[in-house]
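Everything on this sheet refers to the single structure shown next.
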Amino acid sequence: MLYYLLALLVIIIDQVTKWLVMMNMELRESIPIIDNFLYITSHRNPGAAWGILAGQMTFFYIITAIVIVVIIYYIKKYAHESKWLGVGLGLILGGAIGNFIDRLAYQEVVDFIDMYFGSYSYPIFNVADSALVIGVILIGIVVLKEDFGKGAKKDD
Ligand SMILES: CCC[C@@H]1OC(=O)[C@@H](C)C[C@H](C)CCCCC(=O)CCC[C@@H](CC)/C=C/C=C(\COC)CC[C@@H](O)[C@@H](O)C[C@H](O)CNC1=O
């Protein structure tokens, strides 16, 4: 149950930040937060990461629906086993729904977190993407830790 609340929190923060960007910024307007590193840039992406599959909304709806069903199944089945697994699943659920709302409402995703690493400009992303990536990393750590744990026991 707690993990659904986490997903809801992610969705609310994601939608509020996107709404603030849409209401207060012109498209492509950029506000420096930390010069040469972090900017808030109003951006739209009709695709997935790096703009791949732009405009393929039906594909995105299907993939996102599958992601949501699979995540809910795993939360029901495994979240009681590992708190961090549940947190990771909740973050991915929230992130997927956050971008899903944009795709349903605008057929594109609102992005605004614009980061530069030296001369490399990382693709502009949003809170939902951050939750998705952090969720994926968290689950990766839990799964790897468990594998190592099992391996250690076998060696005993
Ligand atoms: C984060 C997944 C992307 C997110 O997937 C979603 O919505 C899911 C729920 C539904 C997709 C239709 C299906 C997954 C596609 C997988 C994918 O794409 C490979 C991802 C690799 C990943 C390593 C883990 C890199 C990360 C990149 C970025 C995020 O870095 C923080 C750059 C984000 C910017 O290009 C920004 O414009 C993207 C825009 O906001 C729309 N976002 C999406 O499509």
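Note that Cβ sites are derived from N, Cα and C of the backbone, with glycine treated the same way.
Remember, TrEMBL labels are computer predictions, not curated facts.
Sequence-distant neighbours of D111 (active site): residues of the same chain at least 6 apart with a C-beta under 8 Å from its C-beta are T41, H43, R44, N45, P123, I124, F125, N126, D129. The active site feature in TrEMBL is assigned to D111 (among others).
According to DSSP, D129 (active site) is assigned to a helical segment. The active site annotation in TrEMBL covers D129 (among others).
Counting only same-chain residues 6+ beyond the ends of the transmembrane segment (48-75), those with a CB under 8 A from a CB of the stretch are 3-4, 85-86, 89-90, 92-93, 96-97, 99-100, 103-104, 107, 123, 129. Under the heading transmembrane segment, TrEMBL lists 48-75 (among others).
Packing against the transmembrane segment (84-101) from elsewhere in the chain are residues 2-11, 14-15, 60-61, 64, 67-68, 71-72, 74-75, 78, 109, 126-132, 134-139, 141-142: each is 6 or more residues past its ends and has a CB under 8 Å from a CB in it. The transmembrane segment annotation in TrEMBL covers 84-101 (among others).
The annotation transmembrane segment is assigned in TrEMBL to 121-144 (among others).
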Completion exercise
Cβ contacts within 10 Å for D129 (active site), all chains included, total 21
Practice task
Let me know the DSSP-derived helix, strand or coil state of D111 (active site), please.
Solution key: strand
